[in-house]
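According to TrEMBL, the transmembrane segment annotation covers 6-22, 31-50, 62-81, 93-115, 135-154, 175-198, 210-228. Residues or ranges marked as domain 'HTH araC/xylS-type' in TrEMBL: 275-379.
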Amino acid sequence: MVPAIPIISFTICVFSAFLIFTKRPRYSFDSIYSIFIIFLAAPHLGHLLVHRFEWGPEFLDFTILFPYTYGPLLLLYIKNLTTEGGNFRRADLLHFVPFFVLQFILFTKLFFAPIEDEFSPHDWHRPSRGFHPNGALLVTSMLVYSVWTFLLLNNHRKNIVNHFSNIDSIKDLRWMYWSLVLFVISTGVHILLEGLLFTDLRPETYEPRLIRGAAVLAFSVFFCWFGVRQTVVYTHRELHAFKEKTSQEEVEVEEDRKKYEKSGLREDMIPEYLSKIRNYMESEKPYKDSEFSIDLLSENTDIPRFYITQILSETLETNFYNFVNEYRIKDIIQALENISEERTNFLRLALEYGFNSKSTFNTSFKKVTGKTPTQYLEEISKVGSV
C-alpha cells in the first residue's frame, strides 16, 4: 500500500505547475519555479509507480536523484527574483553538474554493470527503503545552497530599503525565509535518517519513507502556495529607470564600493545635492505615488542613485525607505491636525499619501512619532479641547 504523502505532494506540485503555466503575464522566475516544482514531484512519482504500479526499482533510482537540483533551483529562483532584470546564464548550468554526473553513473550501472552487482541493497536500492543514494553528498549540497540562498535573501532585504518607498511581503520575500527554514528542516531530516543508518535501529521501526515524505510535503505545500502568488519585485517602470540611469561604470562602482570610497562624491557637492533632493520632495511631493523609488528620484533630480544612497546613509543616517516615509508621515500629521471628521479613516489617509497598506503606515507612523495613529489623534484632540 502506498502512503498518502506521495500522492498529496505529487498532486499539489502538478496543480501548482499548471497554475504557473496558465499564469499571465509569466516571468522568467516563474519558469524556474515551474521546473523546481516539477522536479519536486519527480521522487513522489517514482514512489507511486514503483510501490503502487509495481514498476522496476530502477525508475525510483532515477527519480530519487532529482533532489540534487533543489538547492541550485532555489538559488536561481531567488537570484532571478532579486536581480534587477536578471536572466538565466549559461554559467548557471554548472550548478547541475553533480545531478548529471550521478545520472550518468546510474545509467552506467543499469546498462553495463554485471547482473549480480545491480541494485545492491546497500547502495542504489536504498530509495525503496526511504533512504537516499549517496545521502551525505545530498545533505552537503542542500546545506551549501541553503546558506548561499540565505545570504542572497539577506543582501536583498538590505538593498530594497535603499530602493523602494513601499516594501511589502512580495518585495522583501518574507515568505521565502520560511520556505528556506522548511528546506533546512528537510535537510535536517536527511541528516537524521543518514545518522540512523549507523545505529542498530531497523528502518522498519521508524518508517523513513514517511518521515522524509512528511518533511518534503511541508516544504512543498508552503512553497507552492506562496510561489504561485509571487509577482515581480521590480516593476517595468523601475526596471526602465534602472536601465536608463545606470551605466556599466556605475554598476561596477555599486558592486565594489565599501563606504562609497569609489563613488566620486566630493564633500562640497553634498549640500547642493541634499538641497536639490529636499526641494524636489517638498515642491513635487513625489512620495504620494506609492511606486515612488530611488530610480525615479534619481531620474527627476539628475543625481546618480548611488550618490543619493550615500548622502542619505552618511549625512542623514537613514535609508531611502525611511526618508520617504518621514515625508509621508509629516503630511499625514498635518492632515490629522486639520481634520474635522468624527471618525478618521486612517486607511484612506495612508493610501492618499503614498502608503500601500495600513500596516506599513502604522509601523512608519509609530517609528516617526513614537505613537500609534489612534494615540496621536487622541492626544491632539485632548490638547484642542483644553
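Including glycine, each Cβ sits where the backbone N, Cα and C put it.
Bear in mind that the values here come from a model prediction, so they are computed numbers and not experimental data.
Residues of the same chain lying 6 or more positions beyond the ends of the transmembrane segment (175-198) and with a Cβ under 8 Å from any Cβ of it are 70, 74, 78, 130-132, 135-136, 138-139, 142-143, 146, 149-150, 153, 169, 206, 208, 211-212, 215-216, 218-219, 222-223, 226, 230. Per-residue pLDDT, averaged along the domain 'HTH araC/xylS-type' (275-379), amounts to 90 for this model.
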